[in-house]
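Undergrad: Structure below; questions to follow.
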Amino acid sequence: MTTCGFLNESKLQTCSLSVLYPVQDPQYESGFGPVFEEQPMDTIYPEESPEEKITMSCRARANPPATYRWRLNGWDIKLLEQEDEHYSLEDGNLVITNPDRNNHVGKYECVAQNMYGTIVSREAIVRFGYLDPFSTEERDAVYVKEGQGAVLLCAPPPHYPDELLFRWMLNEFPVFIPLDKRRFVSQTTGNLYISRVDSSDLGNYSCFVSSPSIAKSVFSKFISLVPIPERKWYPADIKVKFPDSYALVGQNITLECFALGNPIPEIRWRKVDAELPANHEVSMEKALLHLINVQQEDEGTYECEAINSKGKDRHRARLYVDAYPEWVEHFSSREADIGSNLTMSCLASGKPKPHVRWLKNGVLVRHVKGELKFTGLTFEHSGMYQCIAENKHGVIYASGELRVIACAPTFEHNPVKERVLGAKNGRVLMECRPKAAPRARLSWSKGTELLSNSSRIHIWDDGTLEILNVTQMDEGKYTCFAENDRGKANSTGTLFVTEATKITLAPSNADVQVGESARMQCAASHDPNLDITFIWYVPVPVLLYISQNRESSGELLIRNTLLRHAGRYTCTAQTIVDNVSASAELVVRGPPGPPGGVRVDEITDKSVRLLWSRGTDNHSPISKYTIQARDSFSVDPEEWKNANTLPANVEGNAETVTVVDLTPWMEYEFRVIATNTLGTGEPSSPSPKIRMLEAVPVVAPSDIGGGGESSRELTITWTPVKPQYYYGKNFGYIVAFKAHDDYQWRKVTVADPEAQRYVHKDPSIPPNTEFHVKVKAFNNKGEGPYSLTASLFSAQDGKGPESKTATHIATCIQTSLSIMSSSAHEELHVLRITVRYWRKHEESQAGTKVVENQGENQTRLENMLPDSRYFIEVRAFNKAGMGPPSVQYEIHTKKAPPSRPPRIIKKTLSGSSVKIAWEQVEPLANESRIEGYKILYRQEGLSNGTLYTTGNRYIDLPVLSDRDYVVEVRAHSEGGDGAVAQVRISGNYSTPPPLPFDFLFYPNGFCWEMLVYSEIGTRTYGT
């Protein structure tokens, strides 16, 4: 019996002079060196931890089992030579009891070894985590004017690690400040930023710091924030500025940007000279930019811009993207023949470029970097090798065992195949792969005849025997002989020749339209003793239906063909001996593909020239193109509109067209869609964004108004022009005004494009004087047309009307309110009242109702949502202008009335009365509680009638004479009346009993109003 032997350095230490010959040790032959299954990890030990021990894990798979030792900062920990009260070994794990910062901080490595060699684990760093208390010194109060921004400093105490979470408390624990567009907490510094201080910010603030790594939190002394009443406007001023930053590929990174200012600034993000990465998100009212799964292409300069109506501010910083080391190529365990040459390679990527070094049995191999080369391997080269790649971001390890072997040839594990089949006129390969070291010399024989290379027979370098154009005469026994300087061996197999497989029905080319089915047939003859299989190779993944109706045929059916299904289809008839193939083309006709290379040139203020490249016509000529445009003000980013072109119809052979009727200075994208007789194709990719040239504005401001709000002032207001109509840079307004009896217009320039008012102060302005006012827009290119001229009056006594606080707000039903407000001063000649109302937190969507002054002091608000909190304010207007708003009044609308009608279960006629009964209505969770039922008894065809109320689920009604009547039943709740159920009653001539009151019930908007007739008169009630 032939055997193989193995030697490595550790074995040579115990085997005297037998190093020239392999050791005959079965355990040695079947064993293997250590392979780590568990390695130590970086550890942060909380100084206040109750566990009082650190466990560093280490476990290796090995045969025979590995032994373990540990190193600290490169020095062996003497676990066996001397006892240590802190260190102990449990299996391979290192346990540190009562750890101490002065003695046990550092880099730990686990070393595992057995008779095959030694490997070293990755380094694991032990550090001690702590979070000291805040200073006990009192913090000074902060006084800030209302409207200004404020920064409260956190100044976290000494700590490790650096990762902390910051929150701020208000007045007491655990009341934490909610973050919104106005307030921001930096997770870098911990500071609290308030963009605009309000009176509601008065209070005591404390910085609350948490360390997730050690599960500990502390908080600072309270800081008093005192707002000082004074409302002014301040431009945007960025105070939280993200620095130049580094991120690793695959990591997430967050950039912070927050600004102070009044009005509250809007934050905008962009990447300089490129689009923001597709994997970005913004949060915290756009104060945070999150880059998810960072890639190399995300590197670059990022900018945040803060803007409000008073100014803007910008900040830029650069993001650098590095990469953790990653293996491109590394070695693994392998065997090599004694005396052979070998190269083991390690190649790693990363940024910065990793440095590569090698270890053999835990010892550094000097003067070697990426490749380890051996010439004339000996047993001494056997051992455990490790390749280590490292840059400033981390270290990676690759381990493997090299075994140098020597043995005589043997076919024990890989004999020549005993039975080999070959197709007639085909090709046969017979492998010869003995195990031998050094490499064996190989030869073949058929029977007793020694084979040599010829036109039909060839013996490859690896020992494989190849026979071409096989005939029946080639059947027989074939033997492979192997020999080296340590012995000989041979192995024999038998060749059997079968009939060749042939295609008898090849698939034919097919031509179909999109959505049709395509069918291809395939049949073949084969050796009757063999099974046959038909395999179809298709150009793209497609749902196929393959039928094998007969033993030697296979049919392919493609249903609902798509354009991508076109291509070459190959049928392969295959047995275990040979295979044969035939192909056919499938042509699929359909709508054209998307045009390519869409680009823009010859840009003017209202037109561009658009160019593109023809896409595939998918075997049907293109008949026309449709041009679509999308501007930067589209509400829906997927909203594309058909553009006007010159010529209007773009023929199918065109590759350029002029797009007209565009808006000056607007940013546009364009795309092109092709159409043929089979349909309209997919749109092209959008063109690069372009901006039109500037032009003189043509849209004037609207809603010119205002008046005299304060003594000797004239306030002029208008609705600003929308940004899409700026038509150019440096957009602003020219305000012209004059007294009605003057001839000369006075003009002033307002440079803010978002401005809505101009206040002209002049001590000589007489009270209650009529002024004519008009406003126009201007930009870089010139001035636009004036608005319609409006007439305004200066204040009658130096001030506009003072709005009185709403004195009473009465709930009608869930969606409407009656408002009664105390009258403004009669001497101010109030012309109209404006009532503004909005749901809580939705002030931007406020509704407005204007009431002309006709001596009334109430109005009705409609279409309000049920079960919602609303704010309401009232303002008065006279010839001098709009007065200040009233105090905001908060109300809560009722829940909705029942949405389900009563179910009528009985209608019983008894003499001159009829009894109607119904089931109890159960309100839904979001509906008002049922208080009773209302029954409207009316003549059919009329809307008015008699109204009854009851708390029961039935009612007796008189049957009225000579006409048909309708009974309407509805549930009533504090939120109003519910859905109606109706029942029809045919009349007779009985007389109904008298009622103490008559009710007339008629609809009025969203409410029902009720007239009650009695002996003392008539009154109207809202219900």
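Each residue, glycine too, has its Cβ placed from N, Cα and C.
Just lifted these from TrEMBL, have a look:
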DOMAIN    40-127  domain 'Ig-like'
DOMAIN    133-224  domain 'Ig-like'
DOMAIN    235-320  domain 'Ig-like'
DOMAIN    325-403  domain 'Ig-like'
DOMAIN    409-498  domain 'Ig-like'
DOMAIN    501-587  domain 'Ig-like'
DOMAIN    594-695  domain 'Fibronectin type-III'
DOMAIN    700-798  domain 'Fibronectin type-III'
DOMAIN    800-896  domain 'Fibronectin type-III'
DOMAIN    898-994  domain 'Fibronectin type-III'
Undergrad: Looking only at the domain 'Fibronectin type-III' (594-695), what is the model's average confidence as pLDDT?
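TA: Result for the domain 'Fibronectin type-III' (594-695): average pLDDT 92.
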Undergrad: Using a cut-off of under 8 Å between C-beta atoms, tell me which stretch among 40-127, 133-224, 235-320, 325-403, 501-587 contacts the domain 'Fibronectin type-III' (700-798) the most.
TA: 235-320
Undergrad: Are there three or more C-beta pairs under 8 angstroms joining the domain 'Fibronectin type-III' (898-994) and the domain 'Ig-like' (40-127), sequence spacing 6 or more?
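TA: Output no: the domain 'Ig-like' (40-127) is apart from the domain 'Fibronectin type-III' (898-994).
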Undergrad: Taking 235-320, 409-498, 501-587, 594-695 as candidates, which has the most Cβ pairs under 8 Å with the domain 'Ig-like' (133-224)?
TA: 235-320
Undergrad: When the domain 'Ig-like' (40-127) is classified with DSSP, how many of its residues are helical, how many are strand and how many are coil?
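TA: Final tally across the stretch: 4 helix, 47 strand, 37 coil.
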Undergrad: Count the residues of the domain 'Ig-like' (501-587) that DSSP assigns to helix (H, G, I), to strand (E, B) and to coil, and report the three numbers in that order.
TA: 3 helix, 48 strand, 36 coil
